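Report on one structure; see the data block that follows.
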Amino acid sequence: MTLCNGVWISMLVCFWSQVISVYHNDFVTIRMKMNLLKLDDRRDNNVNILKCDSKSKRSFQLRFQPHDTMPRLFWHKLEQKQETTPTVTEMEMEKVTPPATLSSEQEAITMPMEEMSSASNDLPTFDTTTTTTVTTTSTSFNSTIIASQPPSIPATFTTIMKPTAGLSTKWTEKVKNLFFGSPGQIHLLQKHGDSSGKIRSKGFLSLFEVIKFDNSKCNVSMGEIRSMEGVCYHEFECKTFGGIPTERCADGAGVCCIFLTGCGDTTDQPIAYFESPKYPQPVHEMLICVLIINLRKNVQQLRLDFLTFELSRPTDGDCLEDQFTISGQNINFEVPTLCGVNTGHHIYLHVSSSLDGKIYLSFLAKVPSGARIFNIKISQLEPRDNIAPDGCLQYYTESEGIVKSFNYDIESTAVANKEATYLNNLNYVICIKRSKNSCTVNYVVERGVDIRGNGEQMDFQILNKDEDENDLVPDGQAGAGIFNCPYDFIAINQVRLCGERFNDGTDNEDFTMNALVRDVAAGPIILPFRSDNMYVGRGFRLAYKQELCT
């Protein structure tokens, strides 16, 4: 009898200590706690307590709220059962709670006590003001939880949690106003519990107007001296890619981004500039400089424009001290090694079948003496761009202009050791785009002062010698045909031309004079140029003009 009285006193003290009411921001949370640790500590009396409970014939329920809650993500694993009839104790406890804070809709979740005990540290944290009743049943005892939940906090991503029914419209508006001001300024991300399971979200991006524009090429004027070409990017993208933002483009939405690269750099931009160290100051020491170009998708060709190209001159037609080499292009497209002064030239690289999708541009200065400087504009060309015909190293699209051999000019700003000669072992084709309604192309030696300063026209000099080192074409005369020009020549109208004058004998039979050469061949306009490994001359500089059909 004494033992039962002690048990009842302990149960009363435990019961009144279990009911804790906490008020916060007009929300009431009533937690029913069961101190299971104390029961465990009294292992010897547990059996007696249960026996005494069965004899008393009074039903009671233990209520508790775990400290840590299970994320809502795992609610689907719990066995759910709607509570139909509240107990007398539940009704009494509901009277304690202010009616204004309780929702009319409640969700009851029932699970065995074994699962509740193991998952008591992971029960869900509620995000609405709806009161939820959780009833736990076991063979030993029942336990019911009544918990008021704090308001949910809106997120910028779509939640995967199960939405709780009963969230009134006014609370949604209050949450919006609390964090974001007027509810008309933002759309909360929500996942609706409909059967389709679709996610409707507008999110924060609906506050901003997203402007899309093509990353097209753009031009930046540098005064009357020059202009540079870049790519139209957003200013943030431009800086992220390592470019220099300049003038506005895309109606002010973007900036014309200029990409400058140097030795050891890698680029994949449609337009980039490859500059020598300390450009525009020349380099006076030995140099090994490589730029790696990662080819973009669908790129067929690269165009290299030599804005500034000044290296040491060739020695008897060979680039011994300074060299500019290219590798990685199509295996059937050979690019000559260049040196000397080539400012104003351009070349096309055919890269559609590049083995590793990379092109390597290399400058090599073997001796510390002398000065070098270069600035090359690199353009990656897709089929939609103005690409060159297959096999063309140079391609001119204007109806009239100037074509010349490499290292023909002697004007320079940095290089002092220079000499106008073409190079050994050349084998390439110059192409000209045929204009609409054009049938013929006229070539003449451009008028001016020759290298010796004693003539009215520029020199034309392509040399051929026999085994005894005798000229196959007499000095001061033009040569035409395979016998006069077997090794070094330029071919126009499928006729080889060489010597010290430019004349094929069609308009003027005096081979001691320069004369107009007319190309009337059908098909593409091409000028093949060949040289062997011996005896080079100055080269050629020709003015061309296309004539309309008559």
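The backbone N, Cα and C atoms fix where each Cβ goes, glycine too.
TrEMBL does not curate its annotations; it predicts them automatically.
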Annotated stretch (region 'Disordered', per TrEMBL) among the listed ranges 44-63, 64-83, 84-103, 164-183: 84-103
Secondary structure composition of the domain 'CUB' (263-381) [DSSP: H/G/I, E/B, coil]: 0 helix, 59 strand, 60 coil
Taken over the domain 'CUB' (263-381), the model's mean pLDDT: 95
